[in-house]
Amino acid sequence: MLIIETLPLLRQQIRRLRMEGKRVALVPTMGNLHDGHMKLVDEAKARADVVVVSIFVNPMQFDRPEDLARYPRTLQEDCEKLNKRKVDLVFAPSVKEIYPNGTETHTYVDVPGLSTMLEGASRPGHFRGVSTIVSKLFNLVQPDIACFGEKDFQQLALIRKMVADMGFDIEIVGVPIMRAKDGLALSSRNGYLTAEQRKIAPGLYKVLSSIADKLQAGERDLDEIIAIAGQELNEKGFRADDIQIRDADTLLEVSETSKRAVILVAAWLGDARLIDNKMVELA
C-alpha cells in the first residue's frame, strides 16, 4: 500500500494508473476510521481495480474551531486498517498541501440551495467546505467511482448535484448505514460518548424507527409527529437539535406527490452531536 502526502506524487501515480487502463475508486474520509468506513472500502474494491482512500481533516468544513481542534487524528492506526483491507493508495496530505495560502482566500465550490438548507442552516459554511474539498479530490484522483455513506444523507445529495452540475464523469455510490447491534449508526463522533451515554445512544434510532412506523401506518400530521419525537428524545437524555421529514428525492417539504420520505434526526448527547436518517416509502 502506497501512502502519498504530496500533490505531485499523487498526480504521478494517477497518470500511471490511467496509462494502465485501471478503473479507480475513491473513498474520501477524514480519518479516525471505523467499520462503516471499511464498508465503503469494500464497496469500492468490488467495483474497481484500484482503491484510493483520502484521509484529510478538512478545516474548511468545520463551523466551530473547537470541533476542528478536537477531531481525532489517527493516521497510523487508519493506515494499518486500510493495509489489512488491501487498499492500494492512501492520500494523506497536510493542510498546507491542500490550502497553501489558507482557506480564507481559497477558491471554493458552493452548491446553491442544498448547502444552506437543513443541516447547512445550522452549520454555516460546512457544505461549502465539503463540496470544495470533494471537487478538489475529484480533480486530483480522477476516479471512475466515488463511495459515500448514506448516513450523511444531505451530503450525499449535495455531492450528486455537484457532480451533475459540474459535469464530473464519476459514478457516485451511496453505501447504506452500518449500525452497531443495538442500532446506533457507526460514526467517528461516537468516540466522544462516555460509557453511560453510549448506553443511551441507541435511543436515537428507536425514535427514528418510531417516526418511520407512524408514516408507514399512514399518519401525515408531520408537525405532531416531529413534536412527539423531540419530546421522546429529550426524555431519553438527548437534546433534540433538528428533526425533519422531507421528500427523499428533493429534500424539499413532503407533498402529495412525494413517493419516498427521508427522516433526518440530529441530537446532542453530551458533547457529541449525533445524526441519523431513515427512508420510508409513502406509496
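Even glycines carry a Cβ here, placed using N, Cα and C.
Per Swiss-Prot, the features are as follows:
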BINDING   30-37, 149-152, 186-189  ATP binding site
ACT_SITE  H37  active site, proton donor
BINDING   Q61  beta-alanine binding site
BINDING   Q61, Q155  (R)-pantoate binding site
Cβ-Cβ neighbours of G149 (ATP binding site) (radius 10 Å): 23
Same-chain residues at least 6 apart in sequence whose Cβ lies under 8 Å from G36 (ATP binding site): G149, K151, I177, M178, A185, L186, S187
Protein Cβ atoms within 10 Å of K151 (ATP binding site), excluding its own: 20
Which of H34, H37, the listed recorded positions, has fewest other Cβ atoms within 10 Å: H34
From binding-site residues Q61, Q155, S188, the one whose Cα lies nearest the residue listed as 'active site, proton donor': S188
DSSP three-state assignment (helix, strand or coil) for S188 (ATP binding site): helix
Cα separation, Q155 ((R)-pantoate binding site) to H34 (ATP binding site) (Å, whole number): 19
Alpha-carbon distance [Q61 (beta-alanine binding site); N32 (ATP binding site)] in Å: 16
DSSP-derived class (H/G/I helix, E/B strand, else coil) of the residue listed as 'beta-alanine binding site': helix
For S188 (ATP binding site): intrachain residues, at least 6 apart, with Cβ closer than 8 Å: M30, N32, H34, Y71, P72
Coarse DSSP state, helix versus strand versus coil, of H34 (ATP binding site): coil
